[in-house]
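*Asks:* The Mg(2+) binding site annotation in TrEMBL covers Glu120, Asp162, Leu164, Asp165, Asp285. According to TrEMBL, the transmembrane segment annotation covers 12-29.
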Amino acid sequence: MNLGRSIRINKCGVVILGLLFMCVLYYLWNSNASNSASYAFSKNPNEINLRKLLIGSIQAAQHGGFEVVAVSKSRDLHEQSKGKTKEGANNPVTDADYRSNCVMKNGLLRIFPKLKVISEEDDGKEQCVDVQLFDLDPTVLPESITVPDERVNIDDVDVWIDPLDATQEFTERLHEYVTTMVCVAVKGVPTIGIIHNPFTMKTTWAWRDRALSESLANLKHDGDVKHPTIIVSRSHAGAVKEQSKQIFGENAQVITAGGAGFKVLQVIQNNATAYLHTTHIKKWDICAGDAILGAIGGRMSDLHNENIAYHRDTPALNPNGLLAAALSATHEAYIKRIVESKHFTQ
């Protein structure tokens, strides 16, 4: 036996072992895909899975809410003013707006890098330094709710987020009015809507023609339009109250509240028959509510009875007010009175 003979290496075996090793790495990488952007997209990089976007949007609203609550516990909200609204009211912004925006927008973009996200607050990036983002967690959807997989072209999807609706009320510690909202528009149509109250931890969501949150599943709405209860903004209640009496009759009850998200929820929960806003309003304030109302058989339109478009190429400002009702028949009856009254014709 020649001990000096060199050991021969089987090149074919080395190649096979190398391939096996690569396969193992590939499997481990893909088993972890739920925490990466690859989990959010289908094999076609130009498509996005709406079920996974629904999950991410719910998480965005909830995690933004965590930041809102955390800031609310601090002594100084670092309140600033962005100027005056058309009604002459102060338009404030706080650390809570900025930190919630950091979580919501950056969290979604980390999972869905190609997503078009339109937010109310894109300043204040210095508040993003120590913000904790989130990974996609399918358990936010209850097992009792069946949500289909559906893929659409990523370029057809626009996401509108409001990181803190009712900032004025937030500064006044009127936390019941405060919400965080996400809306997914597909080809300009509000399709998925999420409204989350950070202080009650209640999340209301809907995917038009596909699925509803448990809080919406068994709601029934009265079709009686003879006894209007109209919910309006606190910032211009006086003018709208008088206009509502002229349009809907002296028996019309007018209630006031802060936050567009909160007002839509009052309509959904049968505490108001309609939500009326008579001046301009930004689309991140109303898109989520528009989507949810459309999913339960209601409708939101501007005061000329036109649907509101939420495509990225449209202005962020809706200049013609809105009427929202939980039943399309109620909306139809009320908008007819508004159009005939010519109160809001421009």
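Just so you know, glycine gets a Cβ as well, placed from its N, Cα and C.
Could you place these features in context, so I can see how deep they sit and what lies close by?
*Replies:* Residue density at Asp285 (Mg(2+) binding site): 25 other Cβ atoms are found within 10 A of its Cβ, drawing on all protein chains shown.
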*Asks:* From the centroid of the CB atoms of Glu120, Asp162, Leu164, Asp165, Asp285, the recorded Mg(2+) site, which same-chain residues not already listed sit within 8 A by their CB, in sequence order?
*Replies:* Asp97, Ile161, Pro163, Ala166, Thr167, Thr179, Thr180, Met181, Gly259, Ala260, Gly261, Lys282, Trp284
*Asks:* For the binding-site residues listed here (Glu120, Asp162, Asp165), which one has the lowest count of neighbouring CB atoms within 10 Å of its own CB?
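*Replies:* Counting other Cβ atoms within 10 Å of each of the binding-site residues Glu120, Asp162, Asp165, the minimum falls on Glu120.
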*Asks:* So what sits near Leu164 (Mg(2+) binding site) in its own chain, CB-to-CB under 8 Å and at least six residues off in sequence?
*Replies:* Gly64, Val68, Thr94, Ala96, Asp97, Ser100, Glu121, Phe170, Val178, Thr180
